[in-house]
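Here's the structure we're looking at; comments come further down.
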Amino acid sequence: KKTAGDWLQGPYVYYLYSHYGFGKGEIGHLFIAGFGSSMLFGTVVGSLADKRGRKRACVTYCITYILSCITKHSPQYKVLMLGRVLGGIATSLLFSAFESWLVAEHNKRGFDQQWLSITFAKAIFLGNGLMAILSGLFGNVLVDSLKLGPVAPFDAASCFLAIGMIIILSTWTENYGDPSENKDLLTQFKGAAAAIAADEKITLLGAIQSLFEGSMYTFVFLWTPALSPNDEDIPHGFIFATFMLSSMLGSSIASRLLAHPTPRVESYMQTVFMLSSMALLLPVVTNVRIFAHIFSILPKAPWKTNSFKSQQLLVAPSNVKGGSISFSGCIQLIGFCIFEACVGIFWPSIMKMRSQYIPEEARSTIMNFFRIPLNIFVCIALYNVKALPMTVMFGMCSAFLFVASLLQRRLMVIAEIHKSRSQDWLNMEEIDPEGVPLNG
């Protein structure tokens with residue numbers, strides 16, 4: 001229910017703001033409010049989840065997101081801005097409290113650790129895959145078939161969130177992070193920061209997550225104007241469902257990969273990041289005119305003319321507004337589906353690595369620490385959305401994903417060294433259980 005409430009809104013956020021008459025720059029500022037809110041309040045709510053209870057935090061998510069949906073009925077910019085702030089807080093809870101509750105509950109009941117990987121994969125397959133597809137199609141029916149307007153999916157999301165909240169309240173048990181009740185928030189922050197600084201694996205994992213999710217959330221903003229640069233009439237819900245079908249395929253692949261000891265998650269994720277980098281580079285390489293623009297800004301370029309100013313668009317400009325999706329848009333759509341498949345592999349895989357490397361006592365706090373740099377990156381990118389061509393923004397995302405691949409390689413090397421040392425130590429204890437130094 002909580003994923004249905006989230007996915008119903010996804011395809012129509014940009015469209016709703018555009019329907020209210022706001023331009024790309026104003027819409028960018030609304031998105032910044034959401035990511036900025038997640039950055040400012042995320043660590044606080046994550047720490048409160050560890051201290052006050054993860055179940056309570058999940059209920060707070062439902063209430064906050066419902067309030068955010070209600071604000072979508074108002075065309076007033078300030079009210080919509082408030083809704084984005086509430087949505088940012090809810091997003092922080094969505095991506096920390098639920099996973100923390102699940103891991104703690106799994107460990108408390110003494111289940112096999114291998115089952116956790118299967119649970120993550122199924123959660124992404126059903127929640128981020130099947131549920132997202134159904135939500136996209138349902139939203140398409142509400143907006144296009146029943147003509148209920150772009151705010152209808154947000155009303156439907158509120159209903160699903162309310163049902164989810166009732167289920168949480170009636171069936172879930174409470175669990176906490178650090179059992180010490182004497183630790184205040186500042187002490188929790190210091191402990192989480194110390195854990196990140198002391199373990200390079202946690203630091204690398206945080207950087208990788210920030211780079212990938214930062215690119216992903218920038219893509220969430222860009223895909224609608226990228227596929228309809230000349231106000232083409234595109235089926236938002238259907239395209240979103242196609243994205244989620246790709247993500248569902250990716251999560252299915254991840255499920256098979258995680259079910260076997262080889263290849264290890266640290267290994268195959270290098271390929272996933274590289275493939276996602278190439279997928280988001282596709283809008284750049286398919287736009288031949290961007291290269292003409294690059295040549296036009298070179299010093300003393302004799303071919304430099306004012307006509308190049310119009311060539312900063314993702315596709316060739318057209319005098320005809322509306323119409324169906326262009327051929328260039330279809331090519332980009334294929335690349336976007338490949339990227340979404342990589343997203344489907346990413347989620348259960350990053351969850352698996354977090355369960356391995358992040359200490360349980362401050363899980364929510366550390367996970368929200370990871371979101372600070374990604375929110376800064378997304379805010380900077382969206383703040384400059386009017387100044388930067390979309391090709392440049394896609395190029396930046398592609399570069400960040402390439403860096404994530406390199407960092408993943410480093411994480412794999414460190415994990416292998418740590419595993420090798422642990423195995424050597426176990427072998428020594430089997431030979432000399434009392435710990436007496438061996439002399440060859």
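Cβ coordinates come from backbone N, Cα and C, glycine included.
TrEMBL has this to say about the protein:
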TRANSMEM  27-49  transmembrane segment
TRANSMEM  81-103  transmembrane segment
TRANSMEM  115-139  transmembrane segment
TRANSMEM  151-172  transmembrane segment
TRANSMEM  238-259  transmembrane segment
TRANSMEM  271-298  transmembrane segment
TRANSMEM  325-347  transmembrane segment
TRANSMEM  368-385  transmembrane segment
TRANSMEM  391-407  transmembrane segment
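Residues 24-25, 28-29, 31-32, 35-36, 38-39, 42-43, 45-47, 92, 95-96, 192-193, 196, 205-207, 209-211, 213-214, 217-218, 221, 393, 396, 400 of the same chain, all 6+ positions outside the transmembrane segment (368-385), place their C-beta atoms under 8 angstroms from a C-beta of that stretch.
The transmembrane segment (238-259) shares more Cβ pairs under 8 Å with 115-139 than with any other stretch in the list 27-49, 115-139, 325-347, 391-407. Where the transmembrane segment (115-139) meets the stretches 27-49, 151-172, 325-347, 391-407, the count of C-beta pairs under 8 angstroms peaks at 325-347.
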